[in-house]
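Novice: The ATP binding site annotation in Swiss-Prot covers Gly164, Gly165, Ala166, Gly167, Val168, Gly169, Lys170, Thr171.
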Amino acid sequence: MTTTNAVKTKNIGYITQIIGPVMDVKFSPGKMPNIYNALIVNGKNEAGDEISVTCEVQQLLGDNKVRAISMSGTDGLMRGMEVLDTGAPLSVPVGEATLGRIFNVLGEPVDNLGPVANKSTLPIHRDPPAFTELDTKLSIFETGIKVVDLLAPYRRGGKIGLFGGAGVGKTVLIMELINNIAKAHGGVSVFGGVGERTREGNDLYQEMKESKVINEENLSESKVALVYGQMNEPPGARMRVGLTALTMAEYFRDVNNQDVLLFIDNIFRFVQAGSEVSALLGRMPSAVGYQPTLSREMGTLQERITSTKKGSITSIQAVYVPADDLTDPAPATTFAHLDATTVLSRGLAAKGIYPAVDPLDSTSTMLQPWIVGEEHYDTAQRVKQTLQRYKELQDIIAILGLDELSEEDRLTVARARKIERFLSQPFFVAEVFTGSPGKYVSLADTIKGFLMILSGELDSLPEQAFYLVGDIGEAIAKAEKLKDK
């Protein structure tokens, strides 16, 4: 969807060259479009079928020519075809009408549910908020998920990296966060699927409908808007789909004054698409073949994700690490922007501990005593120390057994196993599958529960009482039930 200032005067050029998704277009002298302007190619292919392709101007070449990158396939395009300069960047629909819908990079709905009702649109290329508008207070974004809030808390308006392989619960964690921000913060979420599998996008949509994150009967009650630019799309679409999702999120923050969660899956694919476009435009590659503009492209996206005095955008970004090499320029550039990392562990998932967030690998810059308070900080450190000691003792236990440990170490192991189980939690969005009602646990209740375990007050309770419960009161009640049995 594009806004049209220049359409009245019909600034029309024609295609002079097509190389894959890149095309050169010649305009009349003095009628050159600006960088980032959207161009539309309308015409018919040789079979007589209508073609409509949107491109974005990337370079001004001289001799009245521009080089543009296509946002969809260029099949059927020919030299000499007319190209219309819209006179403005790509613009996409924003507002409540986007909730419950799936869009492509152009802001066109692709869910077969008809056109979008509202008429508000915004350009995808926008400046980040001015310094004077930023909210500089360091505040925690409470998620209601114990392991996250206690050990790797999210910053309101911050950026979080989500690391994890296939099948360890990334999608369920994402859906729970979408659900909790709607219930606890009255906020909405925008999901940007950047260069990932179409099947995964479809699975996510179906799961969101099942768990009522998307309400089919009344779309306005949905909690999320979806924007997809999957891996079968041309690099131009994959490079810009993150900006489309971000623009929709900015509207909820700046106009509706809401707290917004922005999910980007996967931020590595955004860099990868930029690398492909850079090569197609003939730029000299930088380290490891990446684009020379890598840091600027990443900064342009990340600097728009922030808290203002009106609302906040908190972003959770899945990070693929190529060949597990953390020094690769793509993940290394991403790390510079992150406030916290949530690492999902296959070992914990195998034990049935969900969410399978690794308590020792996950980190946050917010876990400082002057930000979260002394009690929270001390509790988190003691929990980590206990779990770390348990990890060190596991080899000894495997070889010699528990009986060979000292009394103190046996107590540490018993408490660590309770802590490990108490870090699990039933999710609202998993109710359909587990039959257990979901639980939102406040930060105060989380700290209180872990302090009680660490102090030894609950040493007499069986460890299974702590598995998949909400607050500590539930664990005590569960222990009573187990005793009665």
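Just so it is clear, glycine is given a Cβ too, placed from its N, Cα and C backbone atoms.
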Novice: Specify the count of other C-beta atoms within 10 Å of the C-beta of Lys170 (ATP binding site).
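Specialist: That number is 22.
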Novice: For Gly164 (ATP binding site), which residues in the same chain are close in space, meaning a Cβ under 8 Å from its Cβ, but six or more apart along the sequence?
Specialist: Lys170, Ala318, Val343, Leu344, Ser345, Ala356
Novice: With H, G and I counted as helix, E and B as strand and the rest as coil, say where DSSP puts Thr171 (ATP binding site).
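Specialist: The three-state answer is helix.
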Novice: Relative to the mean position of the Cβ atoms of Gly164, Gly165, Ala166, Gly167, Val168, Gly169, Lys170, Thr171, the recorded ATP site, which additional same-chain residues have Cβ within 8 Å?
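Specialist: Here the nearby residues are Leu344, Ala349, Ala356.
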